[in-house]
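Peer 1: Sharing a structure here in structure tokens format.
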Amino acid sequence: MADFLPSRSVLSVCFPGCVLTNGEAEQQRKSKEIDKCLSREKTYVKRLVKILLLGAGESGKSTFLKQMRIIHGQDFDQRAREEFRPTIYSNVIKGMRVLVDAREKLHIPWGDNKNQVHGDKLMAFDTRAPMAAQGMVETRVFLQYLPAIRALWDDSGIQNAYDRRREFQLGESVKYFLDNLDKLGVPDYIPSQQDILLARRPTKGIHEYDFEIKNVPFKMVDVGGQRSERKRWFECFDSVTSILFLVSSSEFDQVLMEDRLTNRLTESLNIFETIVNNRVFSNVSIILFLNKTDLLEEKVQVVSIKDYFLEFEGDPHCLRDVQKFLVECFRGKRRDQQQRPLYHHFTTAINTENIRLVFRDVKDTILHDNLKQLMLQ
């Protein structure tokens, strides 16, 4: 029967458009495969939930991103933990240098004058050395400074300077690490999950983290919050589903590190006003995270917000009154009060369980709003 089948050459004469050479067939197969990939990519992009983390420097964005990694299945393995060790050592040395400098400028006497030698040693630390300039300190170097750091932290003069920390710039995790010097001083010290969450590494550039929840792809983008980094924000605005705007709610009595003049809460309010009234985000859900609730709760007991925001009318030592005032401040920055609702949450970014519960609610809000937008397209 094969003798009666027309040859390939006959077919090509009779039906020139129906016969493909091996090369043409392969090209067509590749073309179809590319079309399938593009179709899948288009579907993925349409389903992708892109969340932008915005806020002033040290508001907790990077800590929140670390929590997403912990909560959604990519915990820090031993190698990743070890990579944070030089950063933590740098945090400790930098923090102690700030305290030694503050003690002198605030004219606080030493508890023990012999500690002047230790203070001088810390102030002579070479911050321009290659690793130190990148915010890292080797174990060998840290252990050389450890006895001096321990003696200084035990000095009443340094403790008094710490008690007046709102008068100068000091990292919020410094006390945690100084209280754990014995653990940090072990030569084979491996940072714990909590150590990593509290380690401070200023965000330079753009950091992304991808994860899935029930087959829905999420992309979380963290951009540096310092003034010098904010010009990069516009690079991330494309195809944004939601913005999580983080505020350090406890910093109502502190000023910016960049200019030493601007109130930190005022700076956050100004940034938020720019974001919430930007037409680019008219269809984007904006969720306000009033972060560092644990520190705010401590602060309202001893510092009156009314001394810094005269319009405050509640009880300055009542956490709920202060939180209500903060929410009203941010809501008041929206020029169009009829626009999409402004969701808010009170958070403590270093508390994994708190962030797990809050993000569960946030995820539902984002997915609900995103579904409505897709239905309108």
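Note: Cβ is positioned from N, Cα and C throughout, glycine not excepted.
Model, not experiment: these values are computed from the prediction.
For reference, Swiss-Prot lists these features for the protein:
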- Cys14: S-palmitoyl cysteine (LIPID)
- Cys18: S-palmitoyl cysteine (LIPID)
- Ser62, Thr203: Mg(2+) binding site (BINDING)
- 218-227: region 'G3 motif' (REGION)
- 287-294: region 'G4 motif' (REGION)
- 347-352: region 'G5 motif' (REGION)
Peer 1: Using DSSP, what is the helix/strand/coil residue split across the region 'G5 motif' (347-352)?
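Peer 2: Per DSSP, the residues of the region 'G5 motif' (347-352) fall into 1 helix, 0 strand, 5 coil.
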Peer 1: Name the secondary structure element type, per DSSP in three states, that contains Ser62 (Mg(2+) binding site).
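Peer 2: Note: Ser62 (Mg(2+) binding site) is helical by DSSP.
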Peer 1: Over the region 'G3 motif' (218-227), what is the model's average pLDDT?
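Peer 2: Looking only at the region 'G3 motif' (218-227), pLDDT averages out to 75.
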